[in-house]
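Chemist: Sharing the record's features from TrEMBL:
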TRANSMEM  21-46  transmembrane segment
DOMAIN    37-286  domain 'G-protein coupled receptors family 1 profile'
TRANSMEM  58-82  transmembrane segment
TRANSMEM  88-114  transmembrane segment
TRANSMEM  135-158  transmembrane segment
TRANSMEM  193-217  transmembrane segment
TRANSMEM  238-256  transmembrane segment
Amino acid sequence: NGTSVEEFILLGFPGTWQFRVSFVVVFALMYILTVIGNASIIALVWRSSNLHTPMYFFLCNLSFLEIWYTTGVIPKAIGVMLGTSQTISFSVCILQLFFLLSLGSTECFLLSVMAYDRYLAICYPLRYSSLMSSVLSAQLALSSWLGGFLAISLLAFLTSRLTFCGPDVINHFLCDIDSCLALSCSDTWPVELATFLVSIIVVVASCVVTLVSYMYIISSILRIQSAHGRKKAFSTCSAHLSVVTIWYGSTMFLYVKPSAQNSLDLNKIVNTFNTVVTPLLNPFIYTLRNKEVKLALGRAFQK
């Protein structure tokens, strides 16, 4: 790769030993809860025949993604904060960057597909089963995964061609694009431009699809005559809307900007929320407001 620096040192969250141990405990608990929560949703949908619908199929894809997304971050972050695994090789750094950005892009596409699914369910309820078939839902999910990984391939390749002459300290608990650009001693303009363009294509485009879908959804809900009908229709998409707001808010702050080399400390805080907190919140958001999931969970416990 033509680099003089072959490995980096991750700082994590500098501070006293007690401070770092407290972070390790919090991260470990959140990781365990994230894996259990998302794996439970997958198992529940798989066991409950009444949940075998496109909506819950997409939710299973999202839960599966969240498990791997947080797995790509927290175990290494714990090693960094404990001081047992602070170094990371250049190749592993690029691999982690590619893995996390690809999963993040896939989540953007999945959220827009889920918004489109809710649009069809609410605006065309009588034709929904024919419009959103099992074949189409599988194709949309597969396209989200392929699109997410393909969109980041060029960006990861360009980042791997950067040269690093030192320093080799990354002010983060993971390898992200901002930190790599800040440490590079070569021209970073091509990578910054690619990052901005990919962000526009992936984040902004998928966000526009989601927003347009919800504009039609809200318009359709407001035309429902009964208050009970409006409440029922809104409850089917309120959980997804909450996840969309949290995800796109933090993602746009991190990536949709002309220059990536700024506010590294603030980026670290937002990245913590994006990669650790959000995957934990998703299963609880979807289950606490969803009557079908709660009923299926009750039946599973009875069995």
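We number each residue from 1, going along the chain as drawn.
From the backbone N, Cα and C atoms, a Cβ is placed for every residue, glycine too.
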Chemist: Checking distant contacts: for the transmembrane segment (21-46), what same-chain residues at least six beyond its ends satisfy Cβ-Cβ under 8 A?
Modeler: 12-13, 52, 56-57, 59-60, 63-64, 66-67, 70-71, 74-75, 77-78, 81-82, 276-277, 279-280, 282-284, 286-287, 293, 296-297, 300
Chemist: Give residue numbers and ranges for long-range contacts of the transmembrane segment (58-82): same chain, 6 or more residues beyond its ends, CB-CB under 8 A.
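Modeler: Residues 10-13, 20-21, 23-24, 27-28, 30-31, 34-35, 38-39, 41-42, 45-46, 88, 96, 99-100, 103-104, 106-107, 110-111, 113-114, 117, 137, 140-141, 144-145, 173-174, 275-276, 278-280, 282-283, 286.
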Chemist: Within the domain 'G-protein coupled receptors family 1 profile' (37-286), what mean pLDDT does the predicted structure show?
Modeler: 84
